[in-house]
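Novice: Dropping the structure in here first, questions after.
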Amino acid sequence: MRSNIRITSPLARLVSRAAQRRSFSATWGPQAQYGFIGLGQMGYNMARNLQSKLNSEDTLHIYDINTASAEKFVSETLRGSGASVKVATTVREAAENAETIISCLPEPSHVKAVFGQILAPPPMESSQVPSQDRLFIDCSTIDPASSKAVANHVHTLQQGKFVDAPMSGGVVGATAGTLTFMLGAPDALLSRVEPVLLKMGKKVLHCGAQGAGLSGKLANNYLLAINNIATAEAMNLGIKLGLDSKVLGNLINISTGRCWPSEVNNPVKDVVQGSPACRDYSGGFGISLMRKDLGLAIQAAGEAGARLELGGRAKDVYETAEQQEGCKGKDFSVVYRYLGGETPA
Ligand code: NAD
């Protein structure tokens, strides 16, 4: 049974506060308070896994500007086990009442806006959570510079600790709880952050100090963006030269051209069973997200002075393809269709 007991006498409040602090240091002790901001394609499923793996004494405070997501979450978790769920009416309320707050938002502007609201004066005051104990885990894919600016804001105002933990594994991984997180955090916070992330994923790669998770994520997604276009071009080339698509796919996948887009997400229908190409490029990793991540990687490269020869051209490809009928809203492997690639009957 879930308990929503409110303790009101001053002595009882003190006892309650002490219990909260104990629960913080023990991580999974009684009555831990969590916040989750951004219940979209990824966040919703991550929050579901987190909620189901927390204790029944714990509480998850959820918030999304789209109130329908929060309402759906409540109705789906009402009779199940795991933490109690409370819908916060503002983003600030979700943060103020929690020791651990996870955010999963689309772009840098959203993360800045959300933390602008959380950190707006007057400083947060909660009878239950001392601000030095508050931990913000941002799982959004944004640029490292924006993430560092938000972290700096949180730390300067002494409202908690802020770490970055972007993920890979897509909606499928978020639903199955098998995500890989790339963590940017000081060593001292690892033992606190890791158990939280492992409730939503299978692996945590500690990449270095705050911002390092995003640096790793953007470097990886830069490579993915280029490999995807190169795979589509190579498949198109071989097929136009007369090769059978499956013969060519197999050849590449046992040769030096092998990569994730050729082996797992091949852009040609029926080369890899279950790939988005087999279902008219629906589901998967949206072309607009790839364009966004590539743009962030190019921006970060500019700031770091890292020379990119292919990035600008690849960005043009995604931007143009994204506008075309038949490509809009599809998995990013739809670049093959944009190139005029033939789809086997
Ligand atoms: P999404 O657009 O589906 O979800 C974002 C959610 O944030 C929405 O529900 C939206 O209403 C909410 N939101 C926006 N502004 C808000 C605000 N001010 N306050 C509260 N909520 C707000 O995006 P997603 O696919 O869940 O992706 C989230 C992040 O994860 C992105 O940065 C994305 O690049 C990254 N990511 C996505 C995938 C994927 O396959 N979808 C994979 C890896 C990483």
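Each Cβ is built from the backbone N, Cα and C atoms, and glycine gets one as well.
TrEMBL feature annotations, pasted as is:
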- Lys217: active site (ACT_SITE)
- 34-208: domain '6-phosphogluconate dehydrogenase NADP-binding' (DOMAIN)
- 211-339: domain '3-hydroxyisobutyrate dehydrogenase-like NAD-binding' (DOMAIN)
Novice: What does DSSP call Lys217 (active site) in the simple three-state scheme?
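Specialist: In three-state terms, Lys217 (active site) counts as helix.
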Novice: When secondary structure is assigned with DSSP, how many helix, strand and coil residues does the domain '3-hydroxyisobutyrate dehydrogenase-like NAD-binding' (211-339) contain?
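Specialist: Tallying H, G and I as helix, E and B as strand, the rest coil: 84 helix, 2 strand, 43 coil.
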Novice: Let me check the 10 A CB neighbour count of the residue listed as 'active site'. How many other CB atoms are there?
Specialist: 27
